[in-house]
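Accompanying notes for the structure given below.
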Amino acid sequence: MPNASSWSASSPLLLLWEDSSGTRIFLSLLYAVLAISGTLSNVMVIYLVFSFKKLQTTSNAFIVNGCAADLSVCALWMPQEAVLGLLPPNSSSLRSAEYRLLRGGLLGLGLTVSLASHLLVAFNRYVLITKLPSVYQALYQRKHTGCMIGLSWALALLPVPLLPGLWTLGSAPPDGSSRYTALLLALAVLGHTALLLHCYLGIVRRVRGSAKRVSVLNFHLLHQLPFPAAPPPPRRAQRRLSSVSVLLLCCVFLLGTQPLVWVSLLAFFLRPAPPALQAASWLLLCSLSAINPLLYTWRSEEFRRAARSVLPRADGPAAPPRPATA
């Protein structure tokens with residue numbers, strides 16, 4: 001079985017070249033399933049927001065921004081990984097430095113903007129719930145929202161000329177620069193996670209402390225929160241459901257991001273993790289691109305109503321009664 005150095009030097013970013021082809025086939029099928037499901041779900045959310053005026057809100061603008069970024073992972077990067085997993089290890093496609101850099105760029109761009117969109121959505125909801133309506137309206141004007149979305153893409157493109165190996169850690173044998181790159185990646189994700197948890201836990205504290213505060217806000221964005229907006233449950237049940245839904249969202253996000261953080265810290269302070277653990281941590285992070293649309297829309301009645309209006313019904317319209325015959 002190849003060691004970590006030879007594995008990282010000759011393999012795609014997340015695929016393992018085992019002696020048996022079973023692992024490669026399994027991972028290729030997994031990438032194919034994630035690519036198809038993630039592409040369909042992200043495209044569906046984008047289509048619904050652009051098609052229904054009620055869904056064209058500031059919060060959904062950030063969600064659409066994240067879906068567009070996730071498409072670069074699900075629709076462009078994952079299909080390539082699925083195909084490369086079926087190629088022989090000595091294929092010329094795997095040894096091309098330019099092609100590895102292109103794949104790493106697609107992955108890095110999509111994941112960076114997607115993570116930034118997570119934070120923008122969380123901060124938007126935090127301001128909506130915890131601040132005065134006048135503060136929210138002043139902060140989230142149309143031009144300010146556009147600047148925030150543009151900044152998320154600018155920050156994702158900034159490391160390209162400065163740190164070309166940031167998202168291609170698996171394309172070269174480990175050295176001193178890759179160790180510091182792993183540390184930088186871990187610290188960036190940790191800082192992002194701390195800000196996101198601060199926003200959502202602040203929402204939980206405010207909702208649990210004052211359900212009346214939430215009920216008097218007559219914003220159309222309330223239905224974008226990760227708890228149901230109508231019909232409203234009893235106040236105590238509403239506070240409990242709100243907290244559970246927000247904490248569930250946070251748990252899913254932590255499950256997808258934190259394994260990579262600790263694998264990167266392990267590579268910096270001690271020694272590189274086993275290849276299988278590296279691949280699993282990256283795969284968990286990339287799988288967020290496929291499930292992000294569900295995280296932000298599954299509790300929204302407006303999204304469900306819009307989806308039902310465009311998806312074909314399982315039970316078609318009832319046939320008209322036949323006229324009576326003599």
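Glycine is treated like the rest: Cβ placed from N, Cα and C.
Where the annotation comes from TrEMBL, it is an automatic prediction and has not been curated.
A quick note: this is a predicted structure, and the numbers were derived from the prediction, not measured.
Taken from TrEMBL, the feature transmembrane segment applies to 25-50 (among others). A Cβ distance under 8 Å defines the sequence-distant neighbours of the transmembrane segment (25-50), meaning residues of its chain 6+ beyond its ends; these are 14-16, 56, 60-61, 63-64, 67-68, 70-71, 73-75, 78-79, 81-83, 85-86, 279, 283, 286-287, 289-294, 296-297, 303, 306-307, 310.
Per TrEMBL, domain 'G-protein coupled receptors family 1 profile' is recorded for 41-296.
Taken from TrEMBL, the feature transmembrane segment covers 62-80 (among others).
The transmembrane segment feature in TrEMBL is assigned to 100-123 (among others).
Per TrEMBL, transmembrane segment is recorded for 144-162 (among others).
Counting same-chain residues at least six beyond the ends of the transmembrane segment (182-203), those with a Cβ under 8 angstroms from any Cβ of the stretch are 115-116, 118-119, 122-123, 125-126, 129-130, 163, 166, 169, 225, 242, 246-247, 249-250, 253-254, 257-258, 260-262, 264-265, 267-268. Here TrEMBL flags 182-203 (among others) as transmembrane segment.
If you look up TrEMBL, you'll see 244-270 (among others) marked as transmembrane segment. With a threshold of 8 Å between CB atoms, the same-chain residues lying at least 6 positions outside the transmembrane segment (244-270) that come near it are 115, 118, 174, 179-180, 182-183, 185-186, 189-190, 192-193, 196-197, 200-201, 203-204, 226-227, 277-278, 280-282, 284-285, 287-288, 291, 295, 299.
Positions annotated as transmembrane segment by TrEMBL: 276-298 (among others). Long-range contacts of the transmembrane segment (276-298) within the same chain, counting only residues at least 6 positions beyond its ends with a Cβ under 8 Å from a Cβ of the stretch, are 4, 8, 13-16, 27, 30, 34-35, 37-38, 41-42, 44-45, 63, 66-67, 69-70, 73-74, 77-78, 107, 110-111, 114, 118, 121, 170, 224, 226, 249, 252-253, 255-257, 259-260, 262-263, 304.
Within its own chain, the transmembrane segment (62-80) has Cβ neighbours under 8 Å at 31-32, 34-35, 38-39, 42-43, 45-46, 49-50, 103, 106-107, 109-114, 117-118, 120-121, 124, 145, 148-149, 152, 156, 224, 286, 289-290, 292-293, 296-297, counting only residues six or more beyond its boundaries.
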